[in-house]
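According to Swiss-Prot, the features are:
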- S2: N-acetylserine (MOD_RES)
- 2-87: domain 'ACB' (DOMAIN)
- K8: N6-succinyllysine (MOD_RES)
- K8: N6-acetyllysine (MOD_RES)
- K14, Y29, S30, H31, Y32, K33, K51, K55, Y74: acyl-CoA binding site (BINDING)
- K17: N6-succinyllysine (MOD_RES)
- K19: N6-acetyllysine (MOD_RES)
- Y29: phosphotyrosine (MOD_RES)
- K51: N6-acetyllysine (MOD_RES)
- K55: N6-acetyllysine (MOD_RES)
- K55: N6-malonyllysine (MOD_RES)
- K55: N6-(2-hydroxyisobutyryl)lysine (MOD_RES)
- K77: N6-succinyllysine (MOD_RES)
- K77: N6-acetyllysine (MOD_RES)
Amino acid sequence: MSQAEFEKAAEEVKNLKTKPADAEMLFIYSHYKQATVGDVNTERPGMLDLKGKAKWDAWNELKGTSKESAMRAYVDKVEELKQKYGI
């Protein structure tokens, strides 16, 4: 898995013909954050920020996942979404 493949996938996901389902978007978001930042390094958003909490929780579930594993899962998911939604 190369950084270039990961960056290409990050650009391609922005060009999908249809917006992926919320669960798919959470997968993409959380794996991108784990690959680029690592483990969660912020406080969990407040109780009124439902979207923020969902994103934080999805990212936090990946705690301990290596950058390489997160990048691979991200690229694989983007490839799946490209087949499903088109680009």
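Sequential numbering from 1, following the chain as shown.
Every residue gets a Cβ built from N, Cα and C, even glycine.
Recorded features from Swiss-Prot, shown on the structure.
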{"residue": "S2", "record": "N-acetylserine", "DSSP (3 states)": "coil"}
{"residue": "K8", "record": "N6-succinyllysine", "DSSP (3 states)": "helix"}
{"residue": "K14", "record": "acyl-CoA binding site", "DSSP (3 states)": "helix"}
{"residue": "K19", "record": "N6-acetyllysine", "DSSP (3 states)": "coil"}
{"residue": "Y29", "record": "phosphotyrosine", "DSSP (3 states)": "helix"}
{"residue": "K51", "record": "acyl-CoA binding site", "DSSP (3 states)": "helix"}
{"residue": "K77", "record": "N6-succinyllysine", "DSSP (3 states)": "helix"}
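Distance between Cα atoms for K14 (acyl-CoA binding site) and S2 (N-acetylserine): 19 Å, as a whole number. K55 (N6-acetyllysine) sits 17 Å from K77 (N6-succinyllysine), taking the C-alpha atoms as the reference points. Within 10 Å of the residue listed as 'phosphotyrosine', counting CA to CA, the recorded positions S2, K51, Y74 contribute Y74. For K51 (acyl-CoA binding site) paired with K19 (N6-acetyllysine), the C-alpha to C-alpha distance reads 16 Å. Using CA atoms as reference points, the recorded positions S2, S30, Y32, Y74, K77 were checked against K17 (N6-succinyllysine), and the closest is K77.
The Cβ neighbour count for K19 (N6-acetyllysine), using a 10 Å radius and every protein chain shown, is 9.
Mean pLDDT, taken over the domain 'ACB' (2-87), works out to 97 on the 0 to 100 scale.
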